[in-house]
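S.K.: Sharing a structure, written as structure tokens. Questions coming.
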């Protein structure tokens, strides 16, 4: 196995969720999510999350794609080329080039208290669960309304907190790619869970998602208390705008934590610039001290060598011959 193929096996796995970026006009990529259903050397078969791509998105054979993935808490990226198209939202791609680090903001996590609801659909297939989520998140456009009925509100309209029956906040570790919560039920791995996240930033919004259980661990508890299970779930079905909203919530929570730690206002730009300026100033001071020290040492060494240094044999011979020449030819 070549080093490059071994490198692929370090980062890619079956059933892994990968962000696929398709090229389109104006040099703006289209982001889609896919699951690895086949992995053989440098060949991947991806099952895309949507049934069809927009018209201006190129997904023909020979198209170069950018793949983004997470592994071990870090983000990576790799390029791939489409080698075969399938009619059921599947693509076969060949990996090209190396897997290199890439900062994926949806993998940043933070502990927070989030109001949420969850339920485990019973008696429904995975396809039916996905279709039910899609119908809720993307309701069909309203046609001519029948008499006596009022048009439904558009999806994702902000809701006032006093108009919404929020569940109590639950301690969670959340990122743009998934969530970890403590619940009294022990759910089997790969179970699909319907969930509603109540994200409050400038306005309160409800984010509907379908999650898949990826890890369950029993927590230690006192005698007589009900057991709790730490359950990690990844977002299997989530609108990308909703994901951006979750990422924004995580970023805002991080900044709020930094404000509390620093006791004042802070922003990401301020922190990055302050850190950069401090390092740059320290680096300049250190380089200046080193240069001045080297110059002083060189000057001191030259002075000492000039004062106390003995003349070499060649220099002594040269001076001796010059004196003889001047003695023989005094007018020169």
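Backbone N, Cα and C define each Cβ position, glycine as well.
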S.K.: If you look at how TrEMBL annotates this chain, which of 265-284, 285-304 comes out as transmembrane segment?
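M.R.: Per TrEMBL, the stretch marked transmembrane segment is 285-304.
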S.K.: Looking at 94-134, 135-175, 176-216, which one does TrEMBL call region 'Disordered'?
M.R.: 135-175
S.K.: Take the domain 'PilZ' (172-250) and count its residues per DSSP category (helix H/G/I, strand E/B, coil), listing them in that order.
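M.R.: Once the DSSP states are binned, the domain 'PilZ' (172-250) shows 11 helix, 42 strand, 26 coil.
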S.K.: For the domain 'N-terminal PilZ-like' (11-103), what is the mean per-residue pLDDT, to the nearest integer?
M.R.: 84
